[in-house]
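Heads up, the thing below is written out as structure tokens.
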Amino acid sequence: VATPPCRAGHAGTCSLECELATAVVGQPLARQQLLKAVSAFLQKRSPEKPLVMSFHGSTGTGKTYVSAMLVRHLFRGGLRSPHVHQFSPVVHFPHAEHIEQYKENLKHWIQGNLTNCGRSVFLFEEMDKMHPGLIDVIMPFLGPSWVVYGTNYRKAIFIFISNAGGEQINDMTLDLWRAHRDREEISLQDMESAISRAVFENPQSGFWKSGIINEHLIDFVVPFLPLKHHHVKQCVVNELVQQGLEVRQDVVQEVADSIPYFPEEEKIFSSTGCKTVASRISFFF
């Protein structure tokens, strides 16, 4: 099978903007940040550095979903493309005592793949479980140098995905809701300092004392907000359509009602976002 071309190119009938608007539920800030970041980056013929983004939020809010959507628009085959590379600390870097070997492996993996395709995408999942110090081995690939080890790497995209900061984002969103502020009014400035403290100053975080942070190599911090009951209902509708099932309002209501919500008294936000929606639908058919 021929390898798909090593370049970003639209791979669907709906533009990224269109798909973010129609398929990503309850995340105005993430949509706005992502579109701004990716559009500006892809328009540059010779970017000065790779695009580096860090996605933060609690489980089920859409971080992995949006990452998959983005790579689908960049490469035919999406996550299965040979130019998209996913790393999980649990799968790829499980043992703290092997960290030096992991560093060596990671450096060679990135270097080799960038040699094959400068427009590669690297997804680092569960950064909150990454061994502190490991991720800094990729620093030379993230900065504004022209070449690293003979590889031109400035067209690459790096995405870090983390639940870290989710609690702070949830607390701030709840406070704003109690102050009668709509989520469309929430700004990045509202969230940024809280995320920074939770993620970058936490000894348990993969970004703990990281040069990536100290050198300001992350271009965009993208917060994912907790989802309300009506957002979960939208997720149920989307999932029913995707599974080719009839959209019955009683099923939509029952699936959304079956999910736990917090805080205990008000029950405003879904505790699992939309993560369990697909698996719950079968109970109601």
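Every residue, even glycine, has its Cβ placed from backbone N, Cα and C.
Taken from TrEMBL, the feature ATP binding site covers Gly57, Ser58, Thr59, Gly60, Thr61, Gly62, Lys63, Thr64. The Cβ of Thr59 (ATP binding site) lies under 8 Å from the Cβ of Asn163, Gly166, Thr272, Gly273, Lys275, each on the same chain and at least six residues away in sequence.
Within the model, the domain 'Torsin-1A C-terminal' (227-284) carries an average pLDDT of 95. Annotation source TrEMBL lists domain 'Torsin-1A C-terminal' at 227-284.
For the binding-site residues Gly57, Gly60, Gly62, the largest tally of other C-beta atoms within 10 A is found at Gly57. When the binding-site residues Ser58, Thr61, Thr64 are compared by the number of other CB atoms within 10 angstroms of each CB, Thr64 has the fewest.
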